[in-house]
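The structure follows.
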Ligand SMILES: Cc1cc2nc3c(=O)[nH]c(=O)nc-3n(C[C@H](O)[C@H](O)[C@H](O)COP(=O)(O)O)c2cc1C
C-alpha cells in the first residue's frame, strides 16, 4: 500500500502542541505530510512549544508550504491527497473556511477538501463560543467537515497534558480513515481505573 498523503494545517489558536503531535504520529504511520502554518500559528508555536518548534515541524513534514503560496500543489484538487487536519483551528480560519474565502493556502487547501468531498478534520479551539463561532461550525459541518474540538477524553484517565494532546491528535488521524486506528480505546473491562479516581476524591 502506498503511503497516504495528508495535509496538516496549523492555525493560530492555542493548542499548538496538537499540531506537533499530529505531525509526529502521522510520520510514525509513514504518511507523507504536507505542512502549512499560518503566521499567527508561528507565534503560538513559539509561545507554547518553544523557539525550535517550527524547525522541528519542518523536519517532520515531507513538504512545507508557505501560507502565502496560493499556487502550491495542495491548492489544487487535481493533486490526490487523503485529506486534511487543521490542528488547532482558529476561529478566523474556521470563519474563512465556512465562508469559502480561500484567502491563504491553509484555507484554500481546506476548501479544496470540501469541494473534492475528501476528509477535512478541524480542531476548533476557543472558549467560550460566540454565536458566530457556532454558526461557522454548523456551516462547515453541513459541508462535510468533521469537527473535533480539542477536549480531553476524561474517561481514559489521562495523567498528563501530553496524554490528552496525543489522544486528541490520534483521534483526528483516525477520523481520516487512512490507517488502522491508533487512538486509545475505551474498554469496559477495566472498571478499576474509574474506581481509583473516585477513591482519590
Ligand atoms: C497566544 C495566542 C493564543 C490565541 N488563541 C486563540 C484561540 O485559542 N482561538 C482562536 O480562535 N484564536 C486565538 N488567537 C488569535 C488568533 O491567532 C488570531 O485570530 C489570528 O488572526 C488567527 O489567524 P489564522 O487563522 O490565520 O491562524 C490567539 C492568539 C495568540 C497570540
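Placement of Cβ uses the backbone N, Cα and C atoms for every residue, glycine included.
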May I ask you to find which of 63, 119, 125 TrEMBL records for the FMN site already listed with 12, 13, 14, 38, 90, 91, 92, 93?
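The one candidate that TrEMBL places in that FMN site: 125.
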C-alpha of residue 125 (FMN binding site) to C-alpha of residue 155 (dimethylallyl phosphate binding site): distance in Å?
21
From the binding-site residues listed here (92, 125, 155, 171), select those whose CB sits under 6 A from an atom of ligand 1.
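Cβ < 6 Å from ligand 1, in sequence order: 92, 125.
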Which of the binding-site residues 12, 14, 90, 92 has its Cα closest in space to the Cα of residue 155 (dimethylallyl phosphate binding site)?
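Spatially nearest to residue 155 (dimethylallyl phosphate binding site) by Cα position is 14.
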